[in-house]
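What follows is a single structure, written as structure tokens, with notes after it.
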């Protein structure tokens with residue numbers, strides 16, 4: 001089956017008349033029973049349609065009833081179809097909804113011949129009434145622009161009915177989800193937490209030391225909740241790991257007003273990580289009492305990286321603190337490194353009791369901490385062998401069975417080969433620096449039989465991503481298909497991933513998550529692109545899942561956005577996930593939320609308008625390196641003299657006509673086109689220059705320095721070369737002609753035979 005407009009294979013896009021995905025009704029449907037397992041009607045709507053049916057059929061005698069009841073029921077119940085929005089031509093909220101569903105011509109003819117007298121009872125559409133006397137005219141009026149969705153043939157269309165209601169996967173097995181933008185303009189947002197106080201506010205922390213309050217309607221309070229920018233140590237350098245790194249609320253925050261933060265400080269010439277306790281202001285529930293700070297713990301940092309940064313409370317009510325190994329490469333501190341040294345607080349999971357600390361010690365050691373009685377070990381240590389855990393979470397457990405409840409998941413950033421996901425258990429050794437992922441890092445330590453380390457539940461190599469960002473097990477209400485999926489990401493590659501436990505084997509199965517292609521995310525308010533650098537994940541008070549990413553990984557760049565994850569294939573029944581937030585007394589001015597997506601739609605070349613022959617998810621122009629494709633080999637053998645070979649390049653656009661510099665244009669499949677990539681680098685440039693006979697690449701030119709090749713198609717995007725390939729087609733790249741950028745990002749090069757640039 002083909003989409004009549006694009007010639008592309010038809011793809012599932014279940015959508016209801018309220019412009020949301022279908023659901024399984026909580027109560028069985030009596031009238032439209034054919035949609036009781038999955039559709040767009042709950043029992044109230046079902047009863048409403050049944051009343052309408054009897055009102056119409058009261059106009060007929062037994063003969064008319066016998067002839068037409070089936071047709072009338074069919075037509076009314078299409079409002080309950082998982083494809084109701086398509087049947088009623090309502091995918092676009094700005095167009096009027098049809099009063100009768102789109103019918104296939106053969107079915108329409110039969111309906112008209114037997115039951116045309118029901119038409120004016122079913123619909124008050126004047127155009128339909130005018131068309132009613134003429135069968136051809138009437139059935140033409142009910143035809144859909146996209147015939148794949150006409151009733152009843154869509155019921156037997158395997159491409160539409162197969163796996164209906166399940167998360168869609170593209171041909172590579174990548175699960176397709178969508179996003180909803182919920183906050184933007186943030187500077188490296190690295191924590192989003194709720195206070196678990198019934199208000200359903202969320203608090204977003206920026207690396208510079210600011211925390212902002214957001215209300216359930218997504219408006220932001222103008223005055224920050226917390227501002228410790230003067231105390232926080234960070235810098236504008238891209239990739240600086242220091243700063244405000246963690247925030248959590250006490251489980252009894254509603255009653256004691258306490259919260260805990262984790263940040264970098266400079267004391268004299270020393271850098272430290274600091275964990276502090278604050279209280280909320282007694283006069284304003286949306287502002288911290290800045291004078292209330294009490295330093296709970298400080299640890300010296302020997303280097304500026306690997307600062308850890310997670311603080312959170314687990315189900316046991318204790319505060320967990322996740323520290324990095326102290327920085328530099330290979331944990332070079334002492335004989336075995338900080339992470340394996342239980343007398344050091346670095347490279348650890350710490351666990352302390354901060355309850356009832358208003359008088360006496362700021363924290364106490366839980367009596368069941370594993371190393372309380374071990375000589376030389378710090379009693380705060382709960383687990384060790386940690387490199388730099390970046391983002392951990394507590395599993396809420398299955399909504400019904402509570403299975404999995406209380407498990408602590410962490411992403412531990414690797415050294416130079418592997419990234420890993422761990423489940424934290426009391427007293428266990430997580431292997432660093434002896435091991436990185438499943439492999440040996442320090443061979444001598446790794447061979448030590450006393451290591452007794454816990455293996456990760458999953459590890460991935462650096463060709464997939466170079467800095468893991470731990471996530472959450474989805475336990476929200478709104479998207480039942482996602483229940484039990486551990487969703488996480490990678491900061492460098494922008495890859496979104498998930499793990500699902502096989503209950504029989506105990507193994508965790510991996511799937512990549514990509515943004516829905518084609519119509520998959522064509523719901524109002526949903527998008528299918530995001531900024532690359534995935535900094536953190538979050539869970540709101542209701543358990544829905546979010547992540548934060550940015551376009552520029554700098555503490556001062558206001559390109560941070562918060563996105564909510566959405567499953568476009570299924571939702572929970574209406575009203576099942578309803579909650580009433582407690583009122584919030586607001587003393588600050590409110591800033592209304594405006595999605596950034598509407599501003600950058602003009603620059604994002606979204607591939608949904610193209611024939612869907614690719615599995616690459618459309619994304620924002622600045623979102624690069626997400627999917628690693630297999631290498632495409634250039635054609636071998638001699639090309640005809642009249643045409644260049646596929647992969648040939650030329651330079652254009654230098655105003656002085658020099659042949660050693662210009663916009664890169666490539667010949668593929670019989671046409672010339674441009675290379676568009678704002679992450680264009682010297683390795684890519686080296687391939688082009690060597691192909692053109694030059695010894696050196698002197699500059700990888702970006703942002704159309706040599707003009708925009710507007711007369712040509714953009715043929716390559718997301719090019720990633722090692723620098724030794726014969727042509728750009730041998731490098732990793734997206735499919736030919738598929739891109740998410742514009743000509744203002746056309747790439748260029750400056751080449752030379754000596755290693756300096758002649759201006």
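Cβ from N, Cα, C; glycine included.
Of all ranges given (546-601, 602-657), TrEMBL attaches the label region 'Disordered' to 602-657. Long-range Cβ neighbours of residue 721 (disulfide bond) (same chain, at least 6 residues apart, Cβ-Cβ under 8 Å): 683, 684, 686, 687, 728, 730, 731, 732. Across the domain 'SRCR' (649-752), the DSSP tally of helix, strand and coil residues reads 16 helix, 36 strand, 52 coil. The Cβ of residue 731 (disulfide bond) has 22 neighbouring Cβ atoms from other residues within 10 Å, across all protein chains displayed.
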